[in-house]
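Trainee: These came from TrEMBL, pasted as-is:
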DOMAIN    A:171-234  domain 'CBS'
DOMAIN    A:235-291  domain 'CBS'
TRANSMEM  A:317-337  transmembrane segment
TRANSMEM  A:349-370  transmembrane segment
TRANSMEM  A:391-413  transmembrane segment
TRANSMEM  A:419-444  transmembrane segment
TRANSMEM  A:456-479  transmembrane segment
2 protein chains.
Amino acid sequence: MTKANTLGETEDLQENLRRLTHLLHKHKLVEGLVHTQQMPRQELVEALVHKQNLAELQNLLDRLHPADVAHILEAMPLEDRLMIWELVKAERDGEILLEVSDAVRETLIATMDSGEMLAATGQLDADEIADLAPDLPRDVMEDVFQSLPMEEREQLRAAMSYPEDAVGALMDFDVVTIREDVTLEVVLRYLRRLDELPDHTDQLFVVDRDEHLKGVLPVNRLLVSDPDATVGSVMAKEMVKLHPSDNAHQAAQAFERYDLVSASVVNAEDKLIGRVTVNAVMDFIREQAESEALNLAGLREEEDLFAPVWKSLKNRWTWLAINLVTAFIASRVIGVFEDSIEKLVALAALMPIIAGIGGNSGNQTITMIVRALALGQLNAGNARKLFAKEIGVSAVNGVVWGSVVGLFAFFIYGSGSLGLVMTLAMMLNLLLAALLGVLIPLTLHKLGRDPAAGSSVMITAVTDSGGFFIFLGLATLFLV
Amino acid sequence: MTKANTLGETEDLQENLRRLTHLLHKHKLVEGLVHTQQMPRQELVEALVHKQNLAELQNLLDRLHPADVAHILEAMPLEDRLMIWELVKAERDGEILLEVSDAVRETLIATMDSGEMLAATGQLDADEIADLAPDLPRDVMEDVFQSLPMEEREQLRAAMSYPEDAVGALMDFDVVTIREDVTLEVVLRYLRRLDELPDHTDQLFVVDRDEHLKGVLPVNRLLVSDPDATVGSVMAKEMVKLHPSDNAHQAAQAFERYDLVSASVVNAEDKLIGRVTVNAVMDFIREQAESEALNLAGLREEEDLFAPVWKSLKNRWTWLAINLVTAFIASRVIGVFEDSIEKLVALAALMPIIAGIGGNSGNQTITMIVRALALGQLNAGNARKLFAKEIGVSAVNGVVWGSVVGLFAFFIYGSGSLGLVMTLAMMLNLLLAALLGVLIPLTLHKLGRDPAAGSSVMITAVTDSGGFFIFLGLATLFLV
C-alpha cells in the first residue's frame with residue numbers, strides 16, 4: 001500500500017514535470033531569458049525529468065523569476081498549481097502573489113494560514129502590500145499593520161485609501177531625495193553610501209527641508225555634468241508632477257507621450273509623497289486593455305482558466321441576462337408582425353440579414369467614437385463634423401449593401417417589390433445604426449458613464465429590434 | 001475685397017483658437033504637465049484668443065511637446081489640421097510626424113514637397129526614419145539614403161528590413177558601450193566627456209573589441225559601487241538578450257515580466273547591434289491593443305477621425321461583406337424551414353433568441369481561449385481540462401437559460417411543447433457554442449493563424465445558422 005502510494009506520487013511528479021517541461025518548451029515561457037549566458041533552461045528541465053528529482057524541481061523554481069513562477073502557476077490546473085505552490089520557497093510567496101492574476105491569487109491564498117500570509121507580506125513594500133490587501137482576511141491585515149514600522153504603516157494606509165484607477169494606487173514610496181544647495185560630487189558620494197538604488201531610479205528628487213519638490217536631477221545629467229556644479233544649477237525645474245487623486249489613465253497618457261521612466265507624486269501642498277514608475281504604468285495599461293476586451297465579450301472580470309464551473313457562471317451571467325432581455329424585446333417586436341409573416345413567410349428568412357448588418361455597422365461606428373472619446377479627441381466643436389461623416393458613410397453603405405440584399409431577395413423569391421423593401425429597410429437601419437452609434441457613446445460620456453462598457457449591447461439591441469420593426473413594418477405597409 | 005478676406009481669415013483663426021482652447025481646456029490635453037512651474041497653459045491660450053495673435057499661437061505650438069502637437073493635429077478636422085501644421089516650425093516636423101497616427105500622418109505628408117520631407121527626416125535617427133519610411137515616396141527615401149553618413153545608412157537599411165512585429169522594428173542604435181577591464185572611475189570620466197546620454201540609458205553595454213556583448217553595467221550599480229572596482233567585477237553577466245528577428249510580442253512580455261527599461265539586441269554572433277527601450281515597447285503594446293479592439297469591431301485599421309467618407313468605407317467594407325455572406329447563409333437555413341414557419345408563425349419570433357444567446361455565450365468562451373493562447377497558457381496537457389470546463393459551463397447555462405426561454409415561450413404562446421422545444425434548442429445551441437468556442441481558436445492557432453482575428457465572426461456564423469437549424473429542425477420534428 002505504501003509502495004503504491006509512493007509510486008503514485010512519483011508518477012504525479014513525473015506528470016507535473018512533463019507538463020512543466022512542456023510549458024517551458026512549447027510556449028517558450030522565459031523567452032526573454034533564453035539567450036542568457038546560463039545553461040539553457042530546457043536542457044536543464046529535461047535533465048530534471050530524467051532524474052525525477054523533487055529537490056531539483058524546487059531548485060529550478062527557486063531560480064526562476066517570480067513573474068515566471070506566477071506564469072507557470074496560472075497555466076496549471078488547480079491540483080498541479082497547488083503542488084508547485086508548495087514547492088516555492090516561503091520567502092518568495094509575497095513577490096509571486098503580486099504577479100499572479102487576481103483569480104489565481106485567490107486560489108493560492110486559500111491554501112495559506114494566517115502565519116504564512118503575514119510572512120509573505122513581510123517581504124513586501126507598503127505599496128505592494130496595498131495591492132494584496134483586498135485578497136487578505138481582515139484579521140491578517142490587522143496583524144500586518146501591527147508588524148509594520150510607523151512610517152510604512154502610514155504609507156500602507158495612504159496606498160489603500162485610493163481607488164484602483166487613481167495615481168495613488170500606482171504610486172510607490174522609493175524616492176531618493178537630495179538638497180538643492182549641495183554639489184554633484186556630494187550627491188555622488190551620498191549615493192555611494194547606499195547599498196543599491198531603488199529600481200527605475202532615473203532621477204533624484206530635489207526637495208527643501210519641508211519636502212517641497214523643487215526640481216528633479218536626472219541621473220543621466222548627474223553623470224555627464226561637472227561634479228563641482230550644484231544640484232540647483234543642473235536640476236530640471238520643469239517636470240511632470242502627479243497628484244495621488246489624479247486619474248491613473250491620464251498619468252499613463254503622460255508616460256506614453258513624454259516617454260517617462262518615473263514621475264513625482266506630490267500632495268496639495270506640493271510636498272513630495274512618492275513616485276510612479278513606468279513598470280506600474282505598463283501593468284496598468286495592460287490590465288485596462290484586458291478588462292476592456294473582457295467586458296466587450298461580456299465577461300465581468302479576468303477568469304482563472306481552471307476556475308470551477310460555478311465561478312465561471314457568476315462571471316458570465318450578468319451579460320447573458322441582459323442580452324436575453326434585449327432578445328425577448330426583439331422577439332416581441334417580431335410577434336407584432338406575425339400576421340404579415342404568416343402571409344409572406346419570406347420575411348422570416350430575410351429579417352435577420354437587416355438586423356445583423358445593422359448591428360455590425362453600428363458597432364464599427366461605436367468603436368471609432370469610443371476610441372476618440374478615450375483619447376480626448378472629441379468635443380462640441382468637432383462632433384458635428386463627425387456626425388456628418390458617419391451619416392455619409394452609412395448612406396453610401398445603405399445604397400451599396402441595400403442593393404446587394406435587395407438583389408439577393410429578388411433572386412431567391414423572384415419579387416421585385418420585396419427586393420425594394422429589403423433595400424429600403426437596409427438603408428434605414430444603417431442610418432439608425434450610424435445615428436445611435438454616435439449618440440449612445442456621446443450621451444454616456446456626457447452622463448459621466450464609461451462609454452466603452454454598455455455601448456455595444458445598446459446599439460445591438462437597437463439595430464435588432466429597430467431592424468425587425470423597420471423591415472416588417474415596411475413589408476406590412478407595401479407588400480401584405 | 002481684401003478687407004473681407006482678411007476679416008474672414010481672422011475669423012477662421014479665431015475659430016481655430018477657440019477650438020484649440022476648447023481642446024486644451026475641456027479635454028485636459030497636457031494633463032501630465034498641468035502641474036509644472038510654467039504659467040498654466042489654459043490661461044495662456046485664453047490670452048492668445050483675446051489678442052487673436054497668429055505669432056503667439058505659433059509661439060505656443062513651439063513650446064508644446066511634439067506628442068502634444070500630434071494630439072492636437074489628430075483632433076482637428078482636416079482644414080484646421082493643415083492650418084496648424086503650417087504653423088509648426090519646420091525643424092520639428094519630423095518628431096511630430098513620428099507621433100501622429102498612420103492615418104493622420106498621411107494627410108500631413110500629402111501637403112509636403114520633397115524638400116520638406118527630406119528636411120523633416122534630417123532631424124531623426126535611423127530607427128525613426130525607418131518608422132516613417134512606408135509613408136514617404138520612393139524618390140524621397142532615395143535622397144534620404146544619399147544624405148546619411150555610411151553608418152546610419154546601414155542602420156536605416158537594417159531597421160527597414162524587419163517586419164513591424166519583429167524586435168528589429170522596435171530597436172534603436174543609441175547604445176553606450178564600455179570595456180570590461182577599465183575601472184568605474186574611468187567610466188565616470190568617459191561619460192562626463194559626453195554632452196548627454198541617450199534617453200532611457202539605464203545600463204551601459206560591456207563589449208569586447210569585436211563588439212561581442214559580455215555583460216551590462218546598470219547605471220544604478222555604477223553609482224553605488226566603489227570607483228576603483230573594474231567594470232568586469234561589477235557588471236551583470238545575466239541579462240536579457242533579444243535578437244532582431246524575435247517576435248516583438250515576446251520582447252514586450254519580457255519587458256513586462258522583468259520590469260525592464262532597456263534590453264540589448266544582439267545578432268547571431270552575439271555582437272551588440274542595438275537596444276530596445278521601454279517607451280518603444282509601451283507604444284507597441286498600445287498599438288497592439290488598439291488594433292485588436294479595432295479588428296474585433298471589424299475595422300481594418302485605425303481611422304483618421306475626419307477621414308473622407310470613401311476612405312472610411314474602404315476600412316469597413318471587408319468585414320461587412322463577410323458578415324453579409326454569413327447572414328445570407330443563415331437566411332437560407334431559415335428558408336429551408338419556411339413551410340414549418342408558415343404553419344407555426346411563433347417560430348419566426350422565437351428563433352432570434354436561440355441564435356443570439358448562443359452567439360453571446362460562444363463569444364465569451366472564445367475570448368477566454370484567445371486570451372489564454374496569447375499568454376501561452378494553453379497546451380495539449382491542459383486543453384482537455386479546459387474543454388471539460390467549458391462544456392460544464394454551457395450545460396448549466398443550457399439548463400438555466402433554456403428553462404427561462406422555455407417559460408417565456410410557454411407564457412407568450414401558451415404551448416408547453418413549444419416551450420420544451422425552445423429549452424432543448426437552447427441547450428443544444430449553447431453546447432455547440434462551447435464546443436466551437438474552444439475548437440475554432442485552437443485550430444486557427446494550430447494552423448499558425450491569429451486566433452483573435454477571425455474567431456468571433458466564425459462563432460457567430462455557426463451559432464446563427466446552427467441555432468436556426470437546431471430550433472427549426474426540432475420544431476419541424478416535434479411540433480409541425
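Note: Cβ is positioned from N, Cα and C throughout, glycine not excepted.
A quick note: this is a predicted structure, and the numbers were derived from the prediction, not measured.
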Trainee: Mean pLDDT for the domain 'CBS' (A:235-291), as a whole number?
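Mentor: Mean model confidence (pLDDT) across the domain 'CBS' (A:235-291) is 92.
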Trainee: Taking residues 6+ outside the transmembrane segment (A:317-337), which of them lie with a CB under 8 Å of any CB in it?
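Mentor: Answer is 298-300, 347, 351, 355, 457, 460-461, 464-465, 468-469, 472-473, 475-476.
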Trainee: Could you give the residue numbers and ranges of same-chain residues that sit at least 6 residues beyond the transmembrane segment (A:391-413) on either side and whose C-beta is under 8 angstroms from one of its C-beta atoms?
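Mentor: Distal contacts: 346, 350, 353-354, 357, 361, 365, 419-420, 422-428, 430-431, 433-435.
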Trainee: Who are the long-range neighbours of the transmembrane segment (A:456-479) in its own chain, taking Cβ under 8 Å and residues 6 or more past its ends?
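Mentor: Distal contacts: 296, 319, 322-323, 326-327, 329-330, 333-334, 336-337, 340-341, 344, 347, 350-351, 354-355, 358-359, 361-363, 365-366, 417-418, 421-422, 424-425, 428-429, 432-433, 436-437, 440.
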